[in-house]
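Engineer: Just dropping this structure here.
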Amino acid sequence: MTRLIFLGPPGAGKGTQAKTLADEWNIPHISTGDILRQGLKDQTPLGVKAQSYMDKGELVPDELVQEMVQERLSQVDTKSGWILDGFPRTVNQAVFLEKLLRILNQNGEKVVNLDVPDETVIARLLERGRKDDSEEVIRRRLEVYRSETAPLIDFYSSRQTLVSINGNQSLEEVTAELKKVIAS
Ligand code: ADP
């Protein structure tokens, strides 16, 4: 049973790695960013509410993403495991998730931190060129990461095994390292 939480700055490669591993293990890849972008495309009430935050590089309010994750983790396909990518992003969300997993009887998750220096992250995001990947918005996302999300590294190291991986390597090298760590 694999339940994995990916931490790391925007552009660390969480999405790419999460997708590769989830496909290989046949478990859902749950990306809050992807779900929000889909909602935006479909103009769901959630997508409409989230848009202004995402465009500015700000976090969408906790209650909105928490409700979304609760709904997603309650679906039957999560019984075989999952990879969470982009959630939690605040200590509040992490506390919420801890309680939710207890209620759903889905504990025993591993937390992996993908470590990548700022220069690499900025270069990668500028290259990716998503709508919210302008230099100004990238800088804001990094600031928000540092103040809101980076504290989760301490949160999880004090609670359970948090593994850090050097994300500043080729995609294949990172995947190989992830598999090694997760198997151990
Ligand atoms: P990145 O690839 O930069 O890590 P994501 O695709 O994970 O970006 O997320 C894009 C945007 O969606 C974020 O900048 C934020 O506005 C919103 N978002 C995604 N996940 C969360 C979350 N857990 N809490 C709040 N906002 C979120």
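Every residue gets a Cβ built from N, Cα and C, even glycine.
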Engineer: When TrEMBL marks a stretch as region 'NMP', which of 31-60, 151-180 is it?
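Structural biologist: That would be 31-60, per the region 'NMP' entry in TrEMBL.
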Engineer: Per TrEMBL, which one of ARG72, ARG102, ARG128 shares the ATP site with GLY11, ALA12, GLY13, LYS14, GLY15, THR16, GLN169?
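Structural biologist: Matched candidate out of ARG72, ARG102, ARG128, per TrEMBL for ATP with GLY11, ALA12, GLY13, LYS14, GLY15, THR16, GLN169: ARG128.
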Engineer: ARG141, ARG146: which one does TrEMBL list with THR32, ARG37, GLU58, LEU59, VAL60, GLY86, PHE87, PRO88, ARG89, GLN93, ARG130 for the AMP site?
Structural biologist: ARG141
Engineer: Between GLN169 (ATP binding site) and ARG130 (AMP binding site), how far is it from one CA atom to the other, in Å?
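Structural biologist: About 22 Å separate the Cα atoms of these two residues.
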Engineer: If H, G and I count as helix, E and B as strand, and all else as coil, what does DSSP give for GLN169 (ATP binding site)?
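Structural biologist: Where GLN169 (ATP binding site) sits, the three-state DSSP reduction gives coil.
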Engineer: Can you tell me which of ALA12, GLY13, THR16, ARG89, our binding-site residues, come within under 6 Å of ligand 1 at the Cβ?
Structural biologist: ARG89
Engineer: So how many of the residues in the region 'NMP' (31-60) end up helix, strand or coil by DSSP?
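Structural biologist: Helix/strand/coil tally for the region 'NMP' (31-60): 22 helix, 1 strand, 7 coil.
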